[in-house]
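Colleague: Residues or ranges marked as active site, proton donor by TrEMBL: 440. Taken from TrEMBL, the feature substrate binding site applies to 32, 278, 376, 403, 490, 498, 502, 550. Annotation source TrEMBL lists thiamine diphosphate binding site at 72, 121, 122, 123, 166, 195, 278, 466. According to TrEMBL, the Mg(2+) binding site annotation covers 165, 195, 197. Taken from TrEMBL, the feature domain 'Transketolase-like pyrimidine-binding' covers 373-555. The annotation site 'Important for catalytic activity' is assigned in TrEMBL to 32, 278.
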């Protein structure tokens, strides 16, 4: 039997939330009023009675996490944050969708508004990343407190989501929900607002399946409640919703999917259940009609019912008490587990473990100049060198672990016991080896959620060609400024016989085009190891993509000498001349070997060539102007870029007289090495380009 009680003050608070949402959109002149109006009772129920949170400390580690997957309904959350006492004011609500200084943006943005756990708006990603939040909670609990009884650990918390039809129409929500069912994520609760309306009209024109049955098939616990009564009347049955949610909380071995049938914008006259209320201001007449229907003064805008607001703000007192109880639990755990407590403090602070540098140094001690090693294998070696000293590191691949070299040796797979296989017999709910299946987009979203919801460090892998499938998640990680690590292998036409469907051409250019994504393409073992060292040492807030070869590449004498200091600069000199060079040759990844060979051949012909390894354009651009001018002096006009992909990103460095050695067409069927020759990625072509560039400057 529930001990949650409802009063007239709760009803008044819900009505105030509806009116404020309508006023905010009307004041802005644009926005999405319908869903915030009809979601008000659901969001209020969650924030008041189900989500464990402390508005006095929005970043409290013991809190539940709430994700509004349909970010267009952002007022749903902003109003509850205002009600709960997160520091938002009525002026923030008035400034909804305002200028650059607003804290109430059109879609929620993590880091901008207290109480927002992730940036949402691209539909489906909130649901998918919430699965990652639940992954992260379970793995972190296993790292720190694996033996505690369920529900007793300070590291136990729930993940709550509100989503709509658009979210479950997007394929990525299905990808991730399938994985969530496979993982028995009992801490995940998704409330599906089924209002049957989207921008183009009633959803049945494009979306008619039984979503409850779909989620049952995924392995979720499901339940539903309708605010639309059998006689056609409408009742916002918060007591019934409370009972449904409390019943769901008794199920701890499955994720939860709760469908709530609603009418968008209810009870707005002329706008209830109308598509126009989804994404447009209601109009002054409709807003006035809504307020009249709610028993409010239609003449007042942004009116505050102080008594109802004070009632809602009592949730902060309850949150403070829950926080104190959690602090006591955490302190008792820390005293009983000093080693784990030290680990917790380290990962929470984002510090590297003792032995991190030594692990990479030991790895590098085994490198031999001339050895041909694929950088994907060098990447796998780096991951496995770091993993023993960095228990918070975990990850996997979209069904390409062996090819991507993303498997952690000796690690248990992250899965319940019943999902052990012949190939992966050693499984644990707390394992550190992830298996995403062929779900690249979900992998990107899930690792985003892990980063946002825990202090652990995930990575995910796929072929570079198929990174396009996760592009939207990669872009969102860059926008949110979270240090996701993408391991993308098979980076050029040199992968060979899989043919042009699998050979990246435009990918380096297109991913370099994402602001705040750091693209790293190492030339050999040395650069790969140092790229991993710097990625973790840098401890920044930006995602990084490691772009790696399928084929073996020679371990260069030049990188052995200079990579440790050079890689972290993004670009550095591998081969130089006395005095000012006649030409500068820039290359990345596997093409560095031909740039070096060309530089040496040009030297034999009396042409002074400087050879630059451009490991990461983004890291290079972070350097000061003095360093950049020292590497690429403006006085040297003759330049060459060498990369097995589009030349587009290189023109800012090539200048007027530079010549690219690149691939401007789709790849070829055939042997990888021959593909490089046939498409002009050779020492000879680099030499020719260098001479042509020098000639053009005359």
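Cβ coordinates are placed from backbone N, Cα and C, and glycine is handled just like the others.
Describe the structural context of each listed feature in the structure shown, including burial, neighbouring residues and relevant distances.
Modeller: Residue 440 (active site, proton donor) falls within a helical segment according to DSSP. In the structure as shown, the Cβ atom of residue 440 (active site, proton donor) sits within 10 Å of 26 other Cβ atoms.
Counted within 10 Å of its Cβ, the other Cβ atoms near residue 403 (substrate binding site) come to 16, all protein chains included.
Counting Cβ atoms from all protein chains shown, residue 123 (thiamine diphosphate binding site) has 22 others lying within 10 Å of its own Cβ.
Annotation note: residue 197 (Mg(2+) binding site) sits in a strand segment as assigned by DSSP. Within 10 Å of the C-beta atom of residue 197 (Mg(2+) binding site) sit 24 other C-beta atoms, taking all shown protein chains into account.
Counting only residues at least six positions away in the same chain, the Cβ atoms of 25, 72, 73, 74, 75, 278, 279 sit under 8 Å from the Cβ of residue 32 (substrate binding site).
Within 10 Å of the C-beta atom of residue 278 (substrate binding site) sit 23 other C-beta atoms, taking all shown protein chains into account.
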Colleague: CB neighbours of residue 498 (substrate binding site) within 10 A?
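Modeller: Step by step: centre on the Cβ of residue 498 (substrate binding site), count other Cβ atoms within 10 Å, giving 15.
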Colleague: Can you count the other CB atoms that lie within 10 A of the CB of residue 550 (substrate binding site)?
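Modeller: Around the Cβ of residue 550 (substrate binding site), 22 other Cβ atoms lie within 10 Å.
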Colleague: Within 10 Å of the Cβ of residue 122 (thiamine diphosphate binding site), how many other Cβ atoms are there?
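Modeller: Excluding its own Cβ, residue 122 (thiamine diphosphate binding site) sees 19 Cβ atoms within 10 Å.
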Colleague: Across the record's substrate-binding residues 32, 278, 376, 403, 490, 498, 502, 550, the largest CA-CA distance in angstrom?
Modeller: 48
Colleague: Taking only the residues in the domain 'Transketolase-like pyrimidine-binding' (373-555), give me the average pLDDT of this model.
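Modeller: A mean pLDDT of 98 is what the model gives the domain 'Transketolase-like pyrimidine-binding' (373-555).
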Colleague: Need one number for the thiamine diphosphate-binding residues 72, 121, 122, 123, 166, 195, 278, 466: the maximum pairwise CA distance in Å, whole number please.
Modeller: 35
Colleague: Nearest to residue 502 (substrate binding site) by Cα, among 123, 165, 197, 466 (binding-site residues)?
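Modeller: Nearest candidate: 466.
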Colleague: When you measure from the Cβ of residue 490 (substrate binding site), how many other Cβ atoms are you left with inside 10 Å?
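Modeller: Other Cβ atoms found within 10 Å: 27.
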